[in-house]
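Under the heading disulfide bond, Swiss-Prot lists Cys23-Cys88, citing sequence analysis as support. Taken from Swiss-Prot, the feature region 'Framework-1' covers 1-23. Feature annotation from Swiss-Prot assigns region 'Complementarity-determining-1' to 24-34. The region 'Framework-2' annotation in Swiss-Prot covers 35-49. Swiss-Prot lists 50-56 with the feature region 'Complementarity-determining-2'. Per Swiss-Prot, region 'Framework-3' is recorded for 57-88. Here Swiss-Prot flags 89-97 as region 'Complementarity-determining-3'. Per Swiss-Prot, region 'Framework-4' is recorded for 98-108.
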Amino acid sequence: DIQMTQTTSSLSASLGDRVTISCRASQDINNYLNWYQQKPDGTVKLLIYYTSRLHSGVPSRFSGSGSGTDYSLTISNLEQEDIATYFCQQGKTLPRTFGGGTKLEIKR
């Protein structure tokens, strides 16, 4: 199985900040990389698929980039509603494995 690693398990930022969350695959996944958002209430939403394609209805402050084994999710102008845990997922092979998640919190 392909292993997905998110080395930062939690991240603290201020409202309005630009935040970048990283993800690494154990082998080349040819841009088959998705990002999911899990809100504190458990709601899960697909944000980005195929590295950089924004899912319908997702605000443009979210963006994705990367290639090969290294990928990132960037949130520009952080808003309160962005407080959540973010997971990367590879879609190249089955099983479609996930990273361990990065919990984003507001710096007070």
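Keep in mind that glycine also has a Cβ here, set from the backbone N, Cα and C atoms.
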| message | Using a Cβ cut-off under 8 Å, which residues of the same chain at least 6 positions beyond either end of the region 'Framework-3' (57-88) come close to it? | response | 4, 6, 13-29, 31, 33-40, 45, 47-48, 51, 98-106
| task | State the non-local partners of the region 'Complementarity-determining-2' (50-56) in its own chain: residues 6+ outside its ends, Cβ under 8 Å from one of its Cβ atoms. | result | 31-34, 62-67, 71, 91
| Within-chain partners of the region 'Complementarity-determining-3' (89-97) [C-beta distance under 8 Å, separation at least 6 from its ends] | 1-4, 25, 29-30, 32-36, 49-50
| request: For Cys88 (disulfide bond), just count the other CB atoms lying within 10 A of its CB, please. | output: 29
| Residues satisfying Cβ distance under 8 Å from Cys23 (disulfide bond), sequence separation of at least 6 | Met4, Thr5, Gln6, Leu33, Gly66, Asp70, Tyr71, Ser72, Leu73, Cys88, Gly99
